[in-house]
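Trainee: Okay, here's the structure, questions in a sec.
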């Protein structure tokens, strides 16, 4: 297995106790903060290249969220690491009873392409704060971010304890054959099943954050222009490539008659008369996703828009 040596090296580092002291965890978290600060422009350019994500969207959905998570971890790390004393029952009367929070060991984080910085680094922050060694697998679909993370992030973190693996589907399956102590995966339910099956062989606990359906109910008493702006913002942020974006709207026929023109107005307000020319509207990440989403247009009646450009991956 091509990753067996990597797993053994990180496990040896973890067993040495290197990641346990609070000073070590703080130093690694602060180094991650420097990466975000010093490589901000590179992150903006990589996301612009992968899906033409606007700088404002990158700032609030990728960089700021990571900074916030970092600050929260640094401010609370001391209290998180303390033993938690608990009440005794008659069995434990003669004992000292407490909960000790130990690291899992070697953690695997598999990130998706839609928020490739946020959904790689936020789990990483938690894993570092908890005293683990980590293997990171950025998405191969967001190619420029994958390249950026693989080339630049390791120079900020301790190479004995943290590693970035670039891998496609076949290589990821090989990676999953190795024993990890925790796996964090964000992505589709179909891939989630593969991850969980691989984890079960080693009894590895997992966190799976999987895409689903997100209906949006609009009651007849809603203020229609507020609703339209909120639905349009949630749906078209990142060109709709968000697991919690509204998938569909449920409302009465009366509300639909009011909502449609309000949505048209909100979209024009946000992105102008031709969203393709707007600097604030992203693109679909890859050809496969573009073809899939474009095919949805034929499954109903297009009410607003519907224009596509395959070369730009614009919908």
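Numbers run from 1 along the shown chain.
Each Cβ is built from the backbone N, Cα and C atoms, and glycine gets one as well.
A TrEMBL annotation is a machine prediction, not a hand-curated record.
Here the structure is a predicted model, which means the values were calculated and not measured.
Feature table excerpt (TrEMBL):
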- 209: active site (ACT_SITE)
- 19-301: domain 'Aldehyde dehydrogenase' (DOMAIN)
Trainee: Roughly where does the domain 'Aldehyde dehydrogenase' (19-301) sit in mean pLDDT, to the nearest integer?
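Mentor: That stretch averages a pLDDT of 96.
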Trainee: With every protein chain in view, how many other Cβ atoms are within 10 Å of the Cβ of residue 209 (active site)?
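Mentor: That number is 13.
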